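**Q** First the structure, which I've put down as structure tokens, then a few questions once you've had a look.
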Amino acid sequence: MRPLTEEETKTMFEKLSKYIGENIKLLVDRPDGTYCFRLHNDRVYYMSERILKLATNIARQKLVSVGTCFGKFTKTSKFRLHITALDFLAPYAKFKVWVKPGAEQSFLYGNHVLKSGLGRITENTAQYQGVVVYSMADVPLGFGVAAKSTQECRRVDPMSIVVFHQADVGEFIRNEDSLT
């Protein structure tokens, strides 16, 4: 387990800023202590410094996971967010999409959000902006990328994709072996 390099930090923060903007600083400097990001086996973990100090007593080969996995770096050095980061991203999300109850199950099975399943969308959402997807009861379901801007969503046909799926809470069941 090691700190992220300058390039890795830049790549990860660029990805996070698509979803939570400048609220990234609220993840690190929290009122309940200082938190940090650490890299272990190409995965980025988010943990308090107290847990980090305790984890240094464990050998690197024996350490499976520590803290919350925020995502992983691919072989091409791109950062991919994991669904385990949803609980930390949802409160700070700048742009949100609410899906109708009928479209929730489709999204949780890994499908994109169609215009017919769109309940609400945050004003001034740009095209290809990172969004957090909520149910109509304000329960975070996952995150994705807006396929259309807010203005385009108003006049598009009902079968058009408005949010590209990236991750959802259904992945806990579908990919339980690979989520650590």
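Using N, Cα and C of the backbone, Cβ positions are placed for all residues, glycine too.
From a predicted model like this one, the values you see are computed outputs, not experimental measurements.
So Swiss-Prot has the following annotated:
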- 94-170: domain 'PUA' (DOMAIN)
- 1-92: region 'N-terminal domain' (REGION)
- 93-180: region 'C-terminal domain' (REGION)
**Q** Averaged over the whole of the region 'N-terminal domain' (1-92), what is the pLDDT?
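**A** Result for the region 'N-terminal domain' (1-92): average pLDDT 90.
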**Q** What are the helix, strand and coil residue counts for the domain 'PUA' (94-170) according to DSSP?
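**A** Secondary-structure breakdown of the domain 'PUA' (94-170): 16 helix, 31 strand, 30 coil.
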**Q** How does the region 'N-terminal domain' (1-92) divide up by DSSP, counting helix, then strand, then coil residues?
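**A** Counting residues by DSSP class gives 40 helix, 27 strand, 25 coil.
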